[in-house]
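**Student:** This is the structure, below, for whatever I ask next.
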Amino acid sequence: MTDKYENPTSDDYMGVVMGIIMSGGNAKGLAFQAIQQAKAGEFAEAESSLNEASEQLREAHDVQTDLLTRLAQGEKIGWNLYMVHAQDHLMNAITFKDLAVEVVGQEQRLQALENK
């Protein structure tokens, strides 16, 4: 059992929380950037931004999965409002990225129709 997950006030635990928040924020920013790029007709760049967003989300999701696995195995995992906030950031970023994929696709379709 590791202390970094048991004590929700430890620096290690808060580092994990901040990592999830930062990855979620980065992913959401990249997804928004992808939408802006698509609106400008920069579809390769938009795809690249979406791929980077996916990587940020994967990193945060890996930490989340590790925490859930440890909890399922009976380890004591401390929780506080910061962790709840981190999970909220992550889920919002995942949803925003999923919607950004749809918006980029619609923008491609719209621009293709306009260019006919």
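The backbone N, Cα and C atoms fix where each Cβ goes, glycine too.
Swiss-Prot lists these features:
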- HIS85: active site, tele-phosphohistidine intermediate (ACT_SITE)
- ASP88: Mg(2+) binding site (BINDING)
- 11-109: domain 'PTS EIIA type-3' (DOMAIN)
- HIS85: phosphohistidine (MOD_RES)
**Student:** By DSSP, how many residues in the domain 'PTS EIIA type-3' (11-109) are helix, how many strand, and how many coil?
**Tutor:** 88 helix, 0 strand, 11 coil
**Student:** List every residue in the same chain as the residue listed as 'active site, tele-phosphohistidine intermediate', at least 6 positions away in sequence, whose Cβ is under 8 Å from its Cβ.
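**Tutor:** Spatial neighbours, sequence-distant, of the residue listed as 'active site, tele-phosphohistidine intermediate': VAL17, ILE21.
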**Student:** For the domain 'PTS EIIA type-3' (11-109), report the average pLDDT of the model, please.
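**Tutor:** Mean pLDDT across the domain 'PTS EIIA type-3' (11-109) comes out at 95.
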